[in-house]
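Quick notes on the structure that follows.
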Amino acid sequence: MSIPGLGQLLPQPTASTTRIVALKRLSEWRFDASRSSSTGVKVRLISGTAERDGTELALNKTYTFVRTKSKILTWSGCTLEISGESEDYVTDFPVAEDSPMVSYLNLHFELQAQRKAAANATRRNRPGPRVMVCGPQNSGKTSLVRMLAALSTKMGGQPLVANLDPGEGLLSLPGTVSAAVFGNVMDIEEPAGGFGVGSTPSSGPSAVPVKLPIVYYFGREKVQDDVALWKDLTSKLASSVRAKFGEDDEVRSAGLVLDTPVATTNQSDIDSLVHAAREFAVNIVVVLGSARIESTLQQILGQEKTSFGEPISVIMLDQSEGVAARDNDFIKSIREASIKEYFFGDSKRTLSPSTQSVSFDDVAIFKTPDEEEGYETPPVGQVLEPAEITAGMSHWTLAVMDASVNDPPETIRQAPVIGFIAVADVDEDRRRLKILSPVTSRLGNKPLVWGRWPEPYINLLG
C-alpha cells in the first residue's frame with residue numbers, strides 16, 4: 001500500500017517467534033537467514049535425526065545460523081525447534097524415494113565401495129575414487145561436494161576436497177584454487193558449512209579441528225578472465241594432490257571430491273572441465289541439472305581412460321529442487337564477510353590482526369600487466385611485473401607467496417600461497433604502507449601479488 005506524499009511503504013519483518021517444525025522421512029527444511037539480524041536463526045533438534053549437507057546435528061543442541069542459505073535434511077523424520085527471523089519452507093515428495101538425495105546417497109555408497117577396494121588392493125599405487133562434480137549456476141554443486149566429503153569422514157575416511165572455482169574459495173579467500181584433507185567433522189554453523197576461512201588455523205581457535213589447505217592464487221573472478229593461468233594452477237594443484245596421495249595411504253584410499261567452476265555448454269567451459277578431469281585423473285564425473293553438459297562430456301571423456309587405466313563414468317543426477325538461488329548481492333556480502341573474518345574472526349572467535357607500517361622499499365609487490373596497456377593476456381615471459389605502489393592500492397588484499405623476491409616471475413606466480421595481507425592505507429608522501437596481517441611476523445623476502453579481484457569492497461579499519 002502507499003500513502004500520498006510518502007510513496008511505497010517498505011515491508012516490515014515478521015516478529016521473531018519460536019515454532020516447531022515436524023519433518024517427514026526424506027524431507028528438508030530450507031531456510032534463508034542471509035538477511036537476519038546478528039542473532040541469526042536458531043535451530044534445535046528435538047527428536048529424530050537430521051543433518052546439514054552430510055554433517056549430523058546433535059540432539060538438543062542449539063545451532064545458530066547467520067548469513068546462511070541452506071537446508072536441514074532428515075532421512076527418517078525429525079522434529080526441529082526454530083527461533084529467529086528467516087525465510088523458510090519445508091520441501092518433501094509424495095513418494096519419499098523420489099528425492100534426489102536418494103541418488104546422492106547411492107553415489108556415496110559407490111564411492112565407499114571403491115575406497116574399500118583401494119584400501120585392500122595389493123598394489124597401492126592407485127588412489128580411491130576421484131569424483132568431479134559440475135553443473136550450471138545454482139545447481140547445488142558445492143552442497144553435493146560438501147555432503148560427499150562429510151559422509152566419507154563420518155565413515156572414518158580422510159578424503160581430499162579440491163575447489164577449482166575462484167569465485168568461491170575453499171578454506172581460503174575468493175580468487176584462489178585450493179585443496180585440503182577433510183578427516184574430521186565440519187562446522188555446521190559456519191555459513192560455508194565447513195568450507196570457509198573459519199575452519200583454517202589462520203582464523204584462530206575453532207570449535208572443530210581446523211584444516212590445512214594447499215592454496216594457489218588466481219586473482220580473478222572467473223576462469224575466462226585468464227584461462228591459461230587457471231589451467232596452469234589447476235595442473236599445479238593436481239600435482240600437489242598426487243603428492244598427498246603418495247604421502248598418506250588413508251588419504252590415497254579415500255580419494256578426491258572435486259568442485260568445479262560454474263559451467264555452461266560454451267566450448268571454453270567444456271574445455272576447462274575436460275582439462276580438470278584429465279589433470280586429476282578423475283574416474284567419475286557427476287553432472288547436475290544439465291543434460292547437454294552431460295552428453296558433451298560423455299562424448300569426450302566417456303571414450304577415455306584415466307592415467308591408472310580406469311574407464312571414466314559420466315553420470316547425470318537431478319539437482320535438488322530446493323537449491324537456494326544466490327543473487328549477486330548475497331554473493332558479494334559473503335565475499336566481504338570472508339575477508340573480514342580472515343583478519344578479525346567472527347561472533348564465536350575474535351582475532352586481533354597485526355598492524356604494521358612498512359616502507360615502500362621493504363616490500364616487493366607484483367601484478368599482471370594491465371589490459372589497458374595492450375595485453376589481453378599476459379605475454380610469454382612477462383607473467384608478472386613490479387607494481388607501482390599508489391593510493392589506488394588501498395583496501396586491496398594481497399597474496400603472500402611461498403617464494404623469494406629473487407625468484408623468476410613465473411616461479412612466484414605459480415607458488416603456493418602462505419597467507420594474505422590487507423593494505424589499510426598508502427602514504428605516498430612518506431612512502432609508507434599500513435598493512436593488516438593475521439600474524440605479527442615480518443614479511444621478510446616473501447613477494448606479494450596484487451590480483452584484479454576481489455575488488456576492495458570494504459575498509460577493514462572502518
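All residue numbers here begin at 1 and follow the chain in the order shown.
Yeah, the Cβs are placed from backbone N, Cα and C, and that goes for glycine too.
The ATP binding site annotation in TrEMBL covers Glu28, Lys69, Asn138, Ser139, Gly140, Lys141, Thr142, Ser143. What TrEMBL lists as domain 'Clp1 N-terminal' is 23-118. TrEMBL lists 135-344 with the feature domain 'Clp1 P-loop'. TrEMBL lists 351-455 with the feature domain 'Clp1 C-terminal'.
For the domain 'Clp1 P-loop' (135-344), the model's pLDDT averages out at 90. Cβ crowding, taken as the number of other Cβ atoms within 10 Å, peaks at Lys141 among the binding-site residues Lys69, Lys141.
Counting other C-beta atoms within 10 Å of each candidate's C-beta, the binding-site residues Asn138, Ser143 are led by Ser143.
Residues Glu28, Lys69, Asn138, Ser139, Gly140, Lys141, Thr142, Ser143 are the ones the record ties to ATP, and the longest Cα gap between any two of them is 17 Å.
Sequence-distant contacts of Thr142 (ATP binding site), defined as residues of its own chain at least six apart whose C-beta falls under 8 angstroms from its C-beta, comprise Asn163, Asp165, Glu168, Phe195, Asp259.
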